[in-house]
Amino acid sequence: MARTDAMAPRTLLLVLSLGYAFGFNEPLNVVSHLNDDWFLFGDSRSDCNHINNLSQQNYNYMDINPELCKSGKISAKAGNSLFKSFHFTDFYNYTGEGSQIIFYEGVNFTPYVGFKCLNNGDNNRWMGNKARFYTQLYQKMAHYRSLSVINITYTYNGSAGPVSMCKHIANGVTLTLNNPTFIGKEVSKPDYYYESEANFTLQGCDEFIVPLCVFNGQYLSSKLYYDDSQYYYNVDTGVLYGFNSTLNITSGLDLTCIYLALTPGNYISISNELLLTVPSKAICLRKPKAFTPVQVVDSRWHSNRQSDNMTAIACQLPYCYFRNTTSDYNGVYDSHHGDAGFTSILAGLMYNVSCLAQQGAFVYNNVSSSWPQYPYGHCPTAANIVFMAPVCMYDPLPVILLGVLLGIAVLIIVFLMFYFMTDSGVRLHEA
């Protein structure tokens, strides 16, 4: 009986049938977009201009394809992040607009920096601030096209001026807090037990993200303990936003912030004791859009520096898709820049896809062996996500089509198996 090593046509047909039925259109672990209406916010790993500051002038420090540098769809600054620019004097004017928003930043404010507002403060409080900031930011950018950072002016009728309360130097990084602004104690007051107010106006944006912060604990000054309390009062609507100190602690005391989404209007900042704080910067949100989940790429150092998972905590379904690798960050330019795994994730920005989902991006919109979870776009076997519900509304037609195709695949497999068995029996009989 003759024998051949080549794959018989019928065997090849069987393999292709199985591959089509069980491995077609798998989700890709990338960030991508459905069309050209997208924008990326980043740091040095996507800052095309940073090459001018380097001794080794090549683009290996970036995790994006250099071809994207001329796209006009990136706002990024080496050494910075949206959180740093929002709170500190180290400022970059992050500005961008798009329907599909991608974030790849945050690593420049981690436990490696170890920021503390007070000498005996607690960096964990600031990690909590970071998580709350990005939670509000991601949720809002699922509903708005445009993001920018703006300054806020205020009017204070007292004689005291702004004071620097929070400054920290670590690992060569100096950070000075300037949002919110602290108003100093009036010289006519013997202590901090007095009420003070300042006026500020929010205008020019659809919504504003502003900080409301207190020292959550017993603040000691001149042998007296103070319970911090801060309020923002909307003069136009009568709505009062408040944040009070609730912890009975004296050590590990640090500034704790919540992040409010305020509408345009006239506001009064109020303090009942301790220092009055006034927002000096805001995230300006403009141009409402249909609900579109944002995409976040994990932003972390090589393991020789301490990182955090605050952006992962902030990025939750259904408003956010989180993308990550399973290995350590290991750059080629240096240990913290140019990682192959993250470059692979960002490579999805070079092309359009049909569908974005929890599992990844689907290139095609017909049939997939993986059922898209929390899908957005033209997705295989599923229609667009319905917001306000943690489940997907599915179009029955693709489901029927999938069932028909799977049924055909099963019939083909059964037929081929029967054919092979019959053919083998004939061959054995002839042999």
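In case you wondered, yes, glycine gets a Cβ from its N, Cα and C as well.
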From the list Cys205, Cys213, Swiss-Prot names as the disulphide partner of Cys257 the residue Cys213
From Cys284, Cys320, the residue that Swiss-Prot pairs with Cys315 through a disulfide is Cys320
Bonded to Cys117 via a disulfide in Swiss-Prot, from among Cys48, Cys166, is Cys166
From Asn108, Asn157, the annotation N-linked glycosylation site in Swiss-Prot is attached to Asn157
The average per-residue pLDDT within the topological domain 'Intravirion' (421-431) comes out at 51
Counted with DSSP (H/G/I as helix, E/B as strand, rest coil), the region 'Esterase domain 1' (11-131) has 44 helix, 19 strand, 58 coil
As a whole number of Å, the Cα atom of Cys355 (disulfide bond) is distant from the Cα atom of Cys257 (disulfide bond) by 36
Taking DSSP H, G, I as helix and E, B as strand, the region 'Receptor binding' (132-274) contains 10 helix, 72 strand, 61 coil
Smallest Cα-Cα separation from Asn248 (N-linked glycosylation site) among the recorded positions Cys48, Cys315, Asn352 is shown by Cys315
Between the C-alpha atoms of Ser44 (active site, nucleophile) and Asn53 (N-linked glycosylation site), the distance in angstrom, to the nearest integer, is 11
